[in-house]
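*Asks:* The following feature annotations were taken from TrEMBL:
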DOMAIN    164-456  domain 'Na+/H+ antiporter NhaC-like C-terminal'
TRANSMEM  12-34  transmembrane segment
TRANSMEM  40-58  transmembrane segment
TRANSMEM  79-105  transmembrane segment
TRANSMEM  111-130  transmembrane segment
TRANSMEM  142-166  transmembrane segment
TRANSMEM  195-215  transmembrane segment
TRANSMEM  236-256  transmembrane segment
TRANSMEM  262-282  transmembrane segment
TRANSMEM  313-333  transmembrane segment
TRANSMEM  362-385  transmembrane segment
TRANSMEM  406-427  transmembrane segment
TRANSMEM  439-463  transmembrane segment
Amino acid sequence: MSDTIKEYKKPSFGFALISIGTIVVLMAVGLIVFKANIQSLMLLAWVVFGLFAFRLGWRFEDLEAAAFRMIHQALQATILMAAVGVLIAAWISAGTVPTIIYAGLKVISPQFFLLTTALICAITSTATGSSWTTMGTVGLSMLGVGLGLGIPVGLTAGAIISGSYFGDKMSPLSDSTLLAAAVCKVPVFTHIRHMLYTTGPAMIIACILYTFLGFKYAGSGFDHGDINAILNGFNSIFKISWVTLLPALVVLIMIFKRVSAVFSVLIGAIVGLVIAVLYQGFDIQTVLSSVWMGFEPETNDELMISFLKRGGISSMMSTIALMLFALGLGGMMRETGVLHVILEGLSKGIKSIPRLVFSTMIVSYFSSAISGSMHFSAVITGTLMEDFFQKFNLRPENLSRIIEDCGTLGAALIPWSTNAVFIMGMLGVEYLEYLPYAFLNWIDPLISLFLGITGIAMTKLVVKRQ
């Protein structure tokens, strides 16, 4: 929390609750009654909160500075989002995504499609450290395969989300993994090993459920005529061959070599754009236009349009705007002390380890819901709860694990968060369609709560000798 808070009145718990409650109610009314978009409401909430902060002696200039200090921390993520938009357009125009879909429709068994999707996305996200990159590339391809196999889009999206967030949580290359470990002062691989107690069983259960559902849905909508129509559609627009997979190979090699995520994605995109021109035969103007607007297939085939009209920087702008506006609001709440007072009030009843774990989970979800950002949630939860874990003689990796169990995985479960908005926009799926099938994201926290209640895998700071 900023030192500047000493210059202003400290908010009471009631004041903090009313200020945040007012914003939540106004946003709910705007979303449900007036069907306003979340980005506009989040930005207007700055003014609403500013009026409350004014009562504490804050000037609008200082609130603006507080917002920008928080936003500054997200600039790298903002550029990465824009780069992913370019990458998606480039991979489609190069034929990379169509080739993966084509191969999937030829090879993947409908019975094991959901399991295969979850595992492929898990491997990819672990290798890249990014759930967003995985969903926008491999995930998008598997979504197309699922459509061809007649699998409900929400079910396929759930498998994609589970697999993608597995790597985002477990990869040493992931920003959320590195942040949680850093906030709690835990070595990265100690943090990752400790997460296996929750994420390992959760992923196994998720895979069992996807296998069961795969057999249930296999063949329900399967039509070889539909499959052939998709394959013929791709063949009419693209050259399908191994050459189109070079952009994906380049990205994987660069990430394994620890090249910056932004530059890895951008270089992979440039390779894709070159292949789109030299191999696929698209003109340079069309290809460069796709960098901003996304790929526009020259066809009247609605099915092909649904597969291919995606990507571009413009497709990311709504997500970028939401992230910036939410972080700005979160920054104001943090520096005025409002958020700290609320979270402090929630933590007063902590008198046992089970209550500590449950309270930490609530704090993680609450801070994520208020800010729309899992990164903000990690910082707030780690900062506020660190002393409580020391008080109960618990090692810090217990805290970092809970932060990821709830903050990282929970981000996809909060409909107005940047992660959920990205998922809905990228995969073209509604929130309630994917929510029941994102098994990893809600099974993992339940296991985390179980460990907190039973004391299993809750490692201690000091182990008494027998």
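Backbone N, Cα and C atoms are what each Cβ position is placed from, and that goes for glycine too.
Bear in mind that TrEMBL entries carry predicted annotations, made automatically and left uncurated.
Given the structure is predicted, the values throughout are model-derived calculations rather than measurements.
Give me the local environment of each listed feature.
*Replies:* Residues of the same chain lying 6 or more positions beyond the ends of the transmembrane segment (79-105) and with a Cβ under 8 Å from any Cβ of it are 130, 132-133, 136-138, 140-142, 144-145, 148-149, 227, 230-231, 234, 237-242, 244-245, 247-248, 251, 261-262, 265-266, 268-273, 275-276, 279-280, 282, 286-287, 290-291, 294-295, 307-308, 310-316, 319-320, 323, 422, 426.
Tertiary proximity for the transmembrane segment (142-166) is limited to same-chain residues at least six positions away from its ends with a CB under 8 Å from its CB atoms, namely 97, 100-101, 104-105, 108, 110, 113-115, 117-126, 131-132, 134-135, 199, 203, 206, 210, 213, 217-223, 226-227, 230, 306-307, 408-409, 412, 423, 427-430, 432-441.
Through the fold, the transmembrane segment (236-256) approaches residues 87, 90-91, 94-96, 98-100, 102, 127-129, 133, 137, 173, 263-265, 267-269, 271-272, 275, 279-280, 297-299, 304, 308 of its own chain, all at least 6 residues removed from its boundaries and within a Cβ separation under 8 Å.
Note on the transmembrane segment (262-282): residues 76, 79-80, 83-84, 86-87, 89-91, 93-96, 133, 238-239, 243-244, 246-248, 250-251, 254-255, 288, 291 of its chain, located 6 or more positions outside it, place their CB under 8 angstroms from a CB of the stretch.
Sequence-distant contacts of the transmembrane segment (313-333) (same chain, six or more residues past either end, CB-CB distance under 8 Å): 20, 23, 37-39, 42-43, 45-46, 49-50, 53, 63, 66-71, 73-74, 77-78, 81-82, 84-86, 88, 291-294, 339, 367, 370-373, 376, 416-418, 421-422, 425-426.
Non-local neighbours of the transmembrane segment (406-427) in the same chain are 27, 31, 38, 42, 81, 88, 131-132, 135-136, 139-140, 143, 153, 157, 160-161, 165, 168-169, 176-177, 180, 310, 315, 318-319, 322-323, 326, 360-361, 364-365, 367-369, 372-374, 377-378, 381, 434-435, 438, 440-442, 444-445, 448; each lies 6+ residues outside the stretch with a CB under 8 Å from one of its CB atoms.
Counting only same-chain residues 6+ beyond the ends of the transmembrane segment (439-463), those with a CB under 8 A from a CB of the stretch are 158, 161-163, 165-166, 194, 197-199, 201-203, 205-206, 209-210, 353-354, 356-358, 361, 390, 393-395, 397-398, 401-402, 405-406, 409-410, 412-413.
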*Asks:* Same chain only, please: residues at least 6 beyond the ends of the transmembrane segment (111-130) with a C-beta under 8 Å from a C-beta of the stretch. Say none if there are none.
*Replies:* 80, 84, 137-139, 142, 145-146, 149, 151, 155-156, 159-160, 162-168, 170-175, 177, 203, 206-207, 210-211, 213-215, 217-218, 251-252, 255-256, 261
*Asks:* Residue list, the transmembrane segment (12-34) vs rest of chain: Cβ under 8 Å, 6 or more residues beyond ends.
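*Replies:* Contacts with the transmembrane segment (12-34): 40-42, 45, 48-49, 52-53, 55-56, 329, 333, 337-339, 341-342, 344-345, 370, 416.
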*Asks:* Could you pull out which residues elsewhere in the chain have a CB under 8 Å from any CB of the transmembrane segment (362-385), counting only those six or more residues past its ends?
*Replies:* 1, 20, 42, 70, 73-74, 77, 175-176, 179-180, 183-184, 322-323, 326-327, 329-330, 333-334, 339-340, 342-344, 346-347, 356, 399-400, 402-404, 406-408, 410-411, 414, 416-419
*Asks:* Report, as numbers and ranges, every residue of the chain located at least six residues beyond the transmembrane segment (40-58) whose Cβ falls under 8 Å of a Cβ in that stretch; write 'none' if there are none.
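*Replies:* The answer is 7-11, 15, 18-19, 22-23, 26-27, 30-31, 67, 321-322, 325-326, 328-329, 332-333, 336, 338, 372, 416.
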